[in-house]
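Colleague: Mind looking over this structure? Questions follow.
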DNA sequence: CGGCATGATTAAGG
DNA sequence: CCTTAATCATGCCG
């Protein structure tokens with residue numbers, strides 16, 4: 001602005017102030033009646049006026065005020081004013097021409113695109129609160145992915161809200177400031193050479209300024225989104241162990257459903273609920289259904305991979321469930337088993353097998369490997385004839401019992417329930433042989449759920465009861 | 001710090 | 001969608 005003025009002055013003085021001597025600028029120059037004949041006089045006149053204008057700032061306020069009034073009343077003022085406007089416009093145009101084009105700014109576009117992609121600057125979904133409510137509703141609806149991401153979404157909504165309010169604020173401020181400046185300029189245009197184009201230009205400058213501020217806003221919003229996102233991903237990737245109680249519950253379920261450790265959706269939900277409830281005293285990690293699924297997936301594969309390693313655990317949990325589930329019935333069955341002739345003492349036998357475990361474990365893992373690798377029919381017999389027989393005699397029953405238990409367990413505490421539980425317990429203790437047996441030829445559990453197919457070979461003559469009692 | 005345990009993720013298959 | 005199997009990345013413990 002100052003430069004511009006100086007330039008104008010320079011131009012004016014260059015053109016019209018040729019050879020003007022400086023005289024003490026005091027007092028109002030006479031309003032000059034002799035505008036008449038000679039052009040030299042007119043030039044002199046204009047030069048005087050200009051000189052007064054230029055020196056007006058050197059004078060005291062009162063003097064300047066007075067002089068200003070005088071100049072305003074000068075009859076040549078309109079003409080001079082228009083000339084000044086014209087010159088200013090020209091210089092202004094030339095200046096503007098150099099800086100006018102305003103490239104779409106790739107960075108801004110990138111930010112816009114990202115905000116759009118992130119759903120921040122997109123169509124406002126009926127207000128942030130509504131979106132949050134929708135997210136919450138979806139979370140409550142049971143879709144676990146929504147549960148996992150509801151937090152993220154809530155935060156994103158928050159960001160979006162802030163972004164929009166800020167954007168609005170900026171817009172409003174921009175408009176206010178623009179009108180303010182325009183009013184000022186309009187007002188000043190009465191005393192200062194200001195053309196409409198100049199006002200327009202000012203408005204443009206203001207808008208550019210504000211849009212740069214907007215870009216900052218967008219940038220920081222983007223940053224916030226990125227931070228939120230990365231933190232969320234980190235949090236997701238970062239593993240936090242479940243609490244002891246949660247794993248206990250999961251293990252309990254797993255080992256009590258060892259023959260078919262595939263919890264249904266409802267079971268998973270229940271487990272998730274139970275775990276997060278139990279966990280409440282510990283870290284506030286809520287365990288979701290998908291986490292339960294993960295857990296079971298991991299557990300199945302890891303159990304299958306190295307059954308020996310999990311025996312202790314299996315015993316522990318199977319025993320626990322058996323004890324907690326049934327008391328008298330379990331004892332009764334135990335006794336009956338102990339007294340039965342064919343299986344003189346199940347307790348002892350189990351111990352035997354437990355001892356065998358060490359020696360049999362290598363065999364066992366071998367067996368498992370063969371199960372997983374080779375065909376099921378060829379190896380099962382040669383590898384461990386006696387073991388397999390034991391397995392058959394014991395497992396045929398226990399297997400089916402477990403199956404029944406799986407089906408019944410969720411509802412009932414009937415006698416069969418109790419039996420299945422105890423049988424499950426036995427299964428747990430009979431680990432080395434039972435487990436691979438319950439796996440199908442490929443080492444998976446998937447063959448197990450169909451009792452008929454599995455039980456037919458060794459269960460032709462025997463029934464559940466006979467096997468259990470024997 | 002090394003090694004194992006463990007939750008999460010991914011790819012492939014149904 | 002589910003599963004399995006492999007893998008990743010971290011947590012934890014000696």
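Using the three backbone atoms N, Cα and C, a Cβ is placed for every residue, glycine included.
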Colleague: Kindly point out the range from A:21-41, A:42-62 that TrEMBL annotates with region 'Disordered'.
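Modeller: Per TrEMBL, the stretch marked region 'Disordered' is A:21-41.
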Colleague: Choose the correct range: of A:387-428, A:429-470, which one does TrEMBL annotate as region 'Disordered'? Give that range.
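Modeller: It is A:429-470 that TrEMBL describes as region 'Disordered'.
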Colleague: What are the helix, strand and coil residue counts for the domain 'Homeobox' (A:233-306) according to DSSP?
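Modeller: Going through the domain 'Homeobox' (A:233-306) residue by residue, I get 50 helix, 0 strand, 24 coil.
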